[in-house]
Amino acid sequence: MVSYNKLNISEVDTQRRTFTVEDYEEMKDFYLHRTEQIHIVGEYAKKCVENYESALTYVNDYFTLDYEEFLARYFPRKKREIQRSITPKRFIEIIGGDLDTDQTQVINDNKSDKILVYAGPGSGKTKVLVHKIASLLLIEDIKPEQFLMLTFSKAAALEFKQRVRKLIPEYSGLININTFHGFCFQLLVSWVIFINLKMSLRIVSRL
């Protein structure tokens, strides 16, 4: 006798599915809990170094106490802190202790599809944008390959790259920071074969 499990095969229009906020909501609690567990394990490792007996008590309480009671005992007033996927020290570095209320609001805004930062020279726009980049990558979990930043001048693009490298060196070179001309030139080079254009090193500045 031969038995087998039925396999259903369906054709999809594209393999690159676009996920929405509604899709994420179904897994929100799971991901929040997983992030909390990382902080809980980190606290255990710290206690092992400082006081092993305290670490054993910590583990015992984790398995015997109600979860919310455990958090209230060992992470009082730190609920939001342990739900972030970065350490408190790293969070302060990204938010920036010397940012004003309006600047901090821009960085903390993870709901708006579009944000317009309108300010005059010397008001800290570049700093806000650099810290917002760090927030998008480290806190809001935007993948580097999904990121694109465009500026009008090479000098501005270079400055952003340098500041990003200083603030989040682990992402240096992974995100696309370019000028409008440079990005368009990248597109032409990438698609030159498909649109039957001859290669050229000259960028058209006027049509």
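The backbone N, Cα and C atoms fix where each Cβ goes, and this holds for glycine too.
Listed in TrEMBL for this protein:
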- Ala119, Gly120, Pro121, Gly122, Ser123, Gly124, Lys125, Thr126: ATP binding site (BINDING)
- 98-207: domain 'UvrD-like helicase ATP-binding' (DOMAIN)
- 180-197: transmembrane segment (TRANSMEM)
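Taking a C-beta cut-off of under 8 angstroms and a sequence separation of 6 or more, Thr126 (ATP binding site) has the following same-chain neighbours: Ala156, Glu159, Phe160, Arg163. The helix, strand and coil residue counts that DSSP assigns across the domain 'UvrD-like helicase ATP-binding' (98-207) are 54 helix, 8 strand, 48 coil. Ranking the binding-site residues Gly120, Pro121, Gly122, Gly124 by C-beta neighbours within 10 Å puts Gly124 at the top.
Packing around Ser123 (ATP binding site) is summarised by its Cβ count: 14 other Cβ atoms lie within 10 angstroms of its Cβ, all protein chains included. Cβ crowding, taken as the number of other Cβ atoms within 10 Å, peaks at Lys125 among the binding-site residues Ala119, Lys125.
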